[in-house]
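Down below is the structure, laid out as structure tokens.
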Amino acid sequence: MKEFIKRSEGLWLFTRSPAVMIAAVIAILIFIGAAFAPWIASVNPYDLGSFSLMDGLLPPIWQEGGISQFMLGTDDQGRDMISSILYGARLSLLIGLSAMAIATVLGVGLGLAAGFYGGRFDAIIMRIADIQLALPAILTALLIDGIARGILPPEVQQDLRVVVLTLAIALSLWVNFARTARASTFVEMNKEYVQAAIIMGQGPIRIMFIHILPNILGPLLVIMTVDLASAILLEATLSFLGIGLAADSPSLGTLIRIGMQFMLSGEWWILWIPTLFLVALVVSINTLGDFMRDVFNPGLR
Amino acid sequence: MFYFIYKRLIQSVFVMLAVAFLAFSLFRFVGDPITQMTGVETSVVDQERLREELGLNDPFISQFGRFTVDMLQGDFGYSFRTRQPVAEMIASRIPATLELGVVALLISLVVGIPAGVYTALRPRGVITQTILITTLIGISIPTFVIGIMLIFLFGVQLGWLPTFGRGETVNIGFWESSFFSIDGWRALILPAVTLGVYQLTLTMRLVRAQMMDVMRSDYIRFATARGVPMRQLYFRHALANTMVPVITIIGLQFGGVIAFSIVTESVFQWPGMGLLFLESIRFVDIPVMGVYLVVIAFFFVVVNLLVDLLYVAIDPRLRV
């Protein structure tokens, strides 16, 4: 084990930076909690029968009046805060991860193709990317969401909320992937192995995905981490603005929006616990992203 | 140089046309304008007549042409939701957003540039480390959470500052301003700080990186060797050369300020364009969405043109 750690530079750096280790532990705990929410959480916050109004507005256990059944207290409906947060994080992560995955596939595909073919195709893709880069992601996401509201018939709007939100976020994040993939592809194109593959008459798809892609993965992994954090933040912001998910299927952002109503009345936990949770999640993912950037670009150290 | 500006102007016109085209496509293809305007009891025949009268059956290009000409004359159509002219609705909201954005940008520059210079000149000091850690946290916390925290601390706990609305405003012609009353300024502080924090960290990081770069360059080393006083060295020789990228970032930040003003305005119920845009998304008020886009694009284009002109003013090498 020790030998292995010594040989891998990334792992060695990892064992040397406590902040990154803490961030990794927090991120992993939240991921596990979110993934297994239905088994960990004591109640299902979407099932109105599983909690009771009688338990409403109980404070966390360390405060007077808190009971051990609800460690972090309850909201006004009597929902257990832990369960709400786990289910909320589940939705937030589900949307964040899928949006990131779609953005990766779309952006890397277009970026690879732009770098490989060059010429007019490259010019068109990069022009679109430039225009979109001038608009902040949140504005793009809001717009796509607004357009979806106009196009989709009202009956399916509620059911497709998660899909629309995911796509809106994905379409506002693909640009980073495309630009990075294109720039790295340009560099690879001049290397002998690519030239050799072209001369051997291999197909463009094969060259792009089998030969070039594995060699440009490093910087893309960094962007994936950073964009996961952006996607989670975007989702939280949209839901907080009331544009994202509705109150009956709350994500972390929706929970914070609901908690705002209790800011003045003293039930601090309804607002601050989900907020703390969201910030912890985003800060840990960002810390991991920074760490990965350092590992892949030793020049920045 | 005139050729350069001329070229930029032509480019700007094309950008505006593209955005107008986008806004028009939104208006024309997202939802049917006729169903939005008429009630359930309108017969199909009447709907068709209205369609013909409004020219919705004309070729796409001529419709777009009419749309553009109307826009140039200040006719932006009517809101689906309030039935008011969109031009009036947006114009009445512009002052609030611009005042918020300008103050936020000023905070970002007035605090960000000195902080960036200081942290670059004293990279190992305790104050520098504190500033750097603070900005790292600031960059990771979403804007709306910063807003909530400020409201909680200064509005609810301490009760020092108002937490929503613009406070007392003064009308100067068409411009409703909160700059002329103490109440207005008090209402402006929290939203402007919320909006400015993220931009501040960007400004600081950029100025710091530029400054560190410049300080390593040969001409600074020679100036030091020649015995140029430190103060003059820092502020005359070094800072002046960091200004070009800083001005670029101001141009870019303007976009960020406008976009995040949507979030800030929502948290503080600030009656600006962003809040209007959010409402228009919620009610699928397509005309307002489209015009908001056009207005934002116009600001972008103007700011970027100004930035280009400033380059020429600041960097003598561009004047050839």
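Numbers here mean position along the shown chain, with the first residue as 1.
Note that Cβ sites are derived from N, Cα and C of the backbone, with glycine treated the same way.
Automatic prediction, not curation, is the source of TrEMBL annotations.
Straight from TrEMBL, the features:
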type     : residues  : note
DOMAIN   : B:94-311  : domain 'ABC transmembrane type-1'
TRANSMEM : B:12-30   : transmembrane segment
TRANSMEM : B:100-121 : transmembrane segment
TRANSMEM : B:133-156 : transmembrane segment
TRANSMEM : B:185-207 : transmembrane segment
TRANSMEM : B:238-263 : transmembrane segment
TRANSMEM : B:291-314 : transmembrane segment
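The list of residues near the transmembrane segment (B:291-314) in space but at least 6 beyond its ends in sequence, with Cβ under 8 angstroms from a Cβ of it, reads 1, 4-5, 8-9, 12, 15-16, 19-20, 22-23, 26, 71, 76-77, 86-87, 90, 94, 243-244, 247-248, 250-251, 254-255, 258, 273, 276-277, 280. The transmembrane segment (B:133-156) shares the most Cβ pairs under 8 Å with B:185-207, out of the stretches B:12-30, B:100-121, B:185-207, B:238-263. Touching of the transmembrane segment (B:238-263) and the transmembrane segment (B:100-121) is concluded from the presence of at least three CB pairs under 8 A, sequence neighbours closer than 6 excluded. Note on the transmembrane segment (B:185-207): residues 99-101, 103-109, 111-113, 115-117, 119-120, 131, 135, 138-139, 143, 146-147, 150-151, 154-155, 161-163, 165-167, 178-179, 242, 245-246, 249, 253, 256-257, 260-261, 264-265, 267-268, 270 of its chain, located 6 or more positions outside it, place their CB under 8 angstroms from a CB of the stretch. Distant neighbours of the transmembrane segment (B:100-121): 127-128, 131-132, 188, 191-193, 195-196, 199-212, 215, 234, 239, 246, 250, 253-254, 257-258, 261, 264-265, 270, 272; these residues of the same chain sit at least 6 beyond its ends, with a Cβ under 8 Å from one of its Cβ atoms. Remote same-chain partners of the transmembrane segment (B:12-30), defined as residues 6 or more beyond its termini with a Cβ less than 8 Å from a stretch Cβ, comprise 60, 63-64, 67-68, 71, 77, 284, 286-287, 289-291, 293-294, 297-298, 300-301, 304-305.
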